[in-house]
C-alpha cells in the first residue's frame, strides 16, 4: 500500500503552484497504428533523484513507479483494462502494445523529485493502416470525340484522418477524392492521373491512364451503336415483310371482288340451270350454278330440227299423244 500512499501524497502536495500548469503545456502528438505498438517517451530532470513517477490516462491513474538505484523498480499498474498491454523501458517511458481505438486520448507522466515536479503531456491518436485503394470512373464520350472523366478515389475503412489528392505531372489538381477532367485525344498526349491517399501513419497511391479509360468508353460506345443499328435493321426488315404481306393480301381480296363484279346478270342467268319436277299438282325448282363456265349462245339454223319433249306426268290419268306436226303448230 506504500505506492498508493505515495501517489496520493504526490497529488495533494504538488498543486497548481508547484508544477507546470496543464494549460501552458503543448502536448506531444503521438500517432499509433491500430493493432501495433507505440512508445510515449519520458525525459528525466538532469542531476536530480526521482522519487516516483505516475502515469495518467484521461486523468485516471494508469501506473505508479518507484525507482531504486540498487534493485528493480516497483511498478504498480492501476488500470486493469490496459495492464496486460503495458510495459516500461529503462527510462520509464510507457509502451502500449496491441493498440485499440479506445486507447486514443490524453496521457500524462508526473515525475516527482525532492525539489521539483515535472509534467509531460501526450495526445495519442490511433490510426488505421491504409489499404485497398481504388479508383472508380464514370466516363462519357461526346460527339466531338472529347472524353470527360469522372474519377473517385477511396480506401477501405476511411475516416476523417484520411486525406486525398489528385496529381498529374507533379502538380496537384485537386485535394478532394473526386476529380473531373476532359481529355481530347486529338490535341492531348497520353496523360496519367494519380490519386494519393494518406494519413499520419501510411499512404497509398493509384494511377489511371486517361487514354486507356477513353478507349474503353469508345469501344463501349461503338458496341452500343452497332447493337442499336442491328436492332433497327431487324425491325425495318420485319416491318417491310409485314407490310408486303398486307399489300399482297389486300390485292388478292381486290381481284376476287373485281371478278365477282364483272359477271353480268345474263351470264349469271346462263350459269344457272333450272330443273322442273311436277309431282301431281306441285312444282319444285332446283338451280345449279356453274361458276366461270364458258357458255355459247345457241343460234338456230334453217335445217335444224326442233324437238320438244313433253313433261311426263306420273299420275294414272292417260295423256293424249300429239303428233309431231301438231306440236310444231302449237309452237308456232
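Cβ coordinates are placed from backbone N, Cα and C, and glycine is handled just like the others.
Pulled from Swiss-Prot, these are the features on record:
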{"type": "SIGNAL", "residues": "1-21", "note": "signal peptide"}
{"type": "TOPO_DOM", "residues": "22-226", "note": "topological domain 'Extracellular'"}
{"type": "DOMAIN", "residues": "35-120", "note": "domain 'Ig-like V-type'"}
{"type": "CARBOHYD", "residues": "58", "note": "N-linked glycosylation site"}
{"type": "CARBOHYD", "residues": "87", "note": "N-linked glycosylation site"}
{"type": "DOMAIN", "residues": "132-209", "note": "domain 'Ig-like C2-type'"}
{"type": "CARBOHYD", "residues": "137", "note": "N-linked glycosylation site"}
{"type": "CARBOHYD", "residues": "144", "note": "N-linked glycosylation site"}
{"type": "CARBOHYD", "residues": "161", "note": "N-linked glycosylation site"}
{"type": "CARBOHYD", "residues": "178", "note": "N-linked glycosylation site"}
{"type": "CARBOHYD", "residues": "203", "note": "N-linked glycosylation site"}
{"type": "MOD_RES", "residues": "278", "note": "phosphoserine"}
{"type": "MOTIF", "residues": "307-312", "note": "motif 'ITSM 2'"}
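Sequence features, as recorded in Swiss-Prot, placed on the structure.
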{"residue": "58", "record": "N-linked glycosylation site", "DSSP class": "coil"}
{"residue": "87", "record": "N-linked glycosylation site", "DSSP class": "strand"}
{"residue": "137", "record": "N-linked glycosylation site", "DSSP class": "strand"}
{"residue": "144", "record": "N-linked glycosylation site", "DSSP class": "coil"}
{"residue": "161", "record": "N-linked glycosylation site", "DSSP class": "coil"}
{"residue": "178", "record": "N-linked glycosylation site", "DSSP class": "strand"}
{"residue": "203", "record": "N-linked glycosylation site", "DSSP class": "strand"}
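The two recorded residues, residue 87 (N-linked glycosylation site) and residue 144 (N-linked glycosylation site), show a Cα separation of 67 Å. Ranking the glycosylation sites 58, 144, 178 by Cα distance from residue 203 (N-linked glycosylation site) puts 178 first.
Cβ neighbour count for residue 58 (N-linked glycosylation site) (all protein chains, 10 Å cutoff from its Cβ): 10. Sorting each residue of the domain 'Ig-like V-type' (35-120) by its DSSP state yields 6 helix, 41 strand, 39 coil.
Of the recorded residues, residue 137 (N-linked glycosylation site) and residue 178 (N-linked glycosylation site) place their C-alpha atoms 10 Å from one another. Secondary structure counts, DSSP: the domain 'Ig-like C2-type' (132-209) has 0 helix, 46 strand, 32 coil. For the glycosylation sites shown (137, 144, 161, 203), fewest C-beta neighbours within 10 angstroms: 144. Take the CB of residue 178 (N-linked glycosylation site) and look out to 10 A: across all protein chains shown you find 11 other CB atoms. Note on proximity: among 58, 144, 161, the glycosylation sites of the record, the Cα nearest residue 178 (N-linked glycosylation site) is that of 161. When pLDDT is averaged over the domain 'Ig-like C2-type' (132-209), the result is 89. Around residue 87 (N-linked glycosylation site), a 10 Å sphere centred on its CB holds 13 further CB atoms from the protein chains shown.
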